[in-house]
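Quick look at what Swiss-Prot annotates:
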BINDING   372, 373, 374, 375, 376, 377, 378, 379  ATP binding site
DOMAIN    322-529  domain 'MCM'
MOD_RES   350  phosphoserine
MOD_RES   352  phosphoserine
MOTIF     504-507  motif 'Arginine finger'
């Protein structure tokens with residue numbers, strides 16, 4: 001064979017005749033790959049997507065939910081293409097699903113050409129979440145996962161996917177396909193229909209009109225997603241972004257729901273911006289392709305715990321003195337207040353929610369009110385709980401309105417329609433609302449949360465919107481008495497500026513007093529000084545047996561989701577008999593003082609003790625709340641709510657005043673007397689109660705009129 005000539009050795013150059021063919025071929029191959037994935041993907045001998053699609057088609061739902069992990073394991077290149085170019089690839093995926101749906105519906109070839117609605121593909125994706133404030137221009141047209149709270153939802157509107165255009169002059173028709181999201185459409189300005197039989201074609205500019213009866217429409221809803229309060233940096237305002245949901249993703253979610261949105265980060269041009277001439281400015285939004293939302297029980301969808309974590313938590317639950325360890329782990333920077341810490345622990349773990357056969361719900365969340373003097377660490381408790389609780393919202397009473405706590409009605413700037421935005425009680429659904437300065441709220445604002453605290457719903461009837469929002473939250477509130485400090489010489493009704501309607505909704509009410517005690521003051525001073533000086537070695541100053549913060553938070557979450565204790569017979573009997581005894585005791589106290597108690601003891605308080613009992617059992621992951629749990633719950637209730645309800649009566653106050661005046665005459669300045677001698681003289685001799693004598697000594701000591709020496713055994717007159 002002859003050697004090749006010179007021109008035969010050189011490279012051959014060619015120009016592609018149809019440059020779009022290569023792209024068309026790749027799209028066809030991608031669609032074929034998607035069809036193979038849907039038809040052939042198997043887990044444990046189950047064609048999961050073929051089965052899911054068939055089940056959906058039976059109930060006339062033209063959709064398929066895809067887990068991207070499955071697509072990655074089947075064809076990694078295809079999955080990467082979907083993640084990086086979702087706007088181009090997702091329509092191919094939907095076309096592939098529609099093709100498979102036709103095959104499943106119509107086995108015979110003659111029916112295969114029958115048109116069915118385009119099937120929607122929704123995606124489930126477990127990649128790292130991206131906060132709203134971290135979305136940048138580099139994420140445009142990429143698939144992102146964004147967490148947050150839905151604060152607004154519009155009514156459904158219809159959006160065209162294919163417009164049927166008709167020329168006014170020659171009646172030629174044309175189908176115009178429209179992409180998804182907020183993208184607009186530009187109608188063709190010239191009719192390009194061919195000239196028939198040599199007729200003169202004289203179609204004007206902008207000849208097309210839309211034939212709505214032959215156009216294709218889908219449902220569309222606009223949502224507003226806001227950053228969750230626990231993800232907002234200190235000092236920053238929460239940011240929000242618009243969401244565009246269509247077809248089967250509409251009406252899936254209500255304001256106040258926490259969720260993770262999977263979608264395509266896109267941009268659109270605002271009409272007002274266009275009018276001002278800023279044509280290069282675009283506003284971001286997310287085209288929703290998947291929603292992962294909370295479960296129906298009022299808490300976040302069940303979190304995932306590893307086997308090692310579960311074993312560790314079970315080991316913690318078997319710790320002998322777990323109750324004390326947990327209470328010591330509550331705000332360890334605060335000295336003392338053991339019962340308040342135990343009550344807050346009960347609030348964090350909560351009781352068991354119950355749904356009765358008739359559909360009535362009984363709340364399991366515990367509400368606690370801290371009422372007392374300034375400087376008793378009430379606000380510090382609230383701040384600690386806000387950081388520790390899995391879901392928490394902190395607000396101050398003075399800066400909170402009824403709409404800010406419940407829900408407000410907003411008007412959409414574009415459509416001029418009204419929509420709901422959830423307030424603090426709605427945003428904290430499944431968690432805890434911390435309300436500081438509870439006494440500074442206006443009465444009409446405080447009344448707004450009555451329904452939220454007991455029925456755990458918020459009913460709205462404003463601006464033509466009538467609906468009910470969930471607010472399954474615990475309330476931890478802090479307040480000051482009427483006079484700033486609690487006055488022992490006055491009754492609870494004179495100290496507390498709350499109506500009995502709101503007080504009865506609190507499971508535990510603590511009167512926190514700043515009492516003068518030299519030993520206690522010395523211990524508090526040492527504790528605070530250690531905190532300020534040993535910041536690097538702060539573990540030495542904290543409580544023994546403290547659980548690390550992150551582990552404690554996970555343990556609370558684990559107990560709330562995995563355990564729902566029930567009362568046993570002995571505990572139920574004990575609670576029943578104790579409630580009757582408590583009611584009798586309060587009734588006797590009311591008769592003695594000839595006035596109704598400000599803090600009512602009603603059936604709500606029996607339910608409160610039951611919830612406290614269940615939360616104590618939940619701390620140790622016990623499925624049964626025993627008599628021991630009931631005993632501790634009753635003790636907590638007696639030291640909090642009942643102690644506040646049966647504070648000094650007018651008769652005791654009168655006794656205290658008489659003893660106080662008598663002691664001033666009895667003890668000149670510089671003289672002293674033994675405590676035993678005063679008991680013999682005032683209690684045994686004059687018939688006063690020992691409680692009144694102790695109160696009188698405490699009041700005189702706080703006024704620095706007397707000093708209690710030798711551990712309170714000697715009373716020394718030191719001043720006027």
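Including glycine, each Cβ sits where the backbone N, Cα and C put it.
Shown here: features listed in Swiss-Prot, placed on the structure.
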{"residue": "350", "record": "phosphoserine", "Cβ neighbours (10 Å)": "23"}
{"residue": "352", "record": "phosphoserine", "Cβ neighbours (10 Å)": "20"}
{"residue": "372", "record": "ATP binding site", "Cβ neighbours (10 Å)": "22"}
{"residue": "373", "record": "ATP binding site", "Cβ neighbours (10 Å)": "16"}
{"residue": "374", "record": "ATP binding site", "Cβ neighbours (10 Å)": "12"}
{"residue": "375", "record": "ATP binding site", "Cβ neighbours (10 Å)": "10"}
{"residue": "376", "record": "ATP binding site", "Cβ neighbours (10 Å)": "23"}
{"residue": "377", "record": "ATP binding site", "Cβ neighbours (10 Å)": "21"}
{"residue": "378", "record": "ATP binding site", "Cβ neighbours (10 Å)": "26"}
{"residue": "379", "record": "ATP binding site", "Cβ neighbours (10 Å)": "17"}
Give me the CA-CA distance between residue 374 (ATP binding site) and residue 352 (phosphoserine), in Å, as a whole number.
34
Residue 373 (ATP binding site) to residue 350 (phosphoserine): how many Å between their Cα atoms?
27
Between residue 350 (phosphoserine) and residue 379 (ATP binding site), what C-alpha distance do you get in Å?
21
Return only the integer: C-alpha distance in Å from residue 377 (ATP binding site) to residue 352 (phosphoserine).
29
Does DSSP give residue 374 (ATP binding site) helix, strand or coil?
coil
Sort the residues of the motif 'Arginine finger' (504-507) into helix, strand and coil with DSSP and give the three counts.
0 helix, 0 strand, 4 coil
For ATP, residues beyond 372, 373, 374, 375, 376, 377, 378, 379 with C-beta within 8 angstroms of the site's Cβ centre include exactly 370, 478, 480, 512, 514
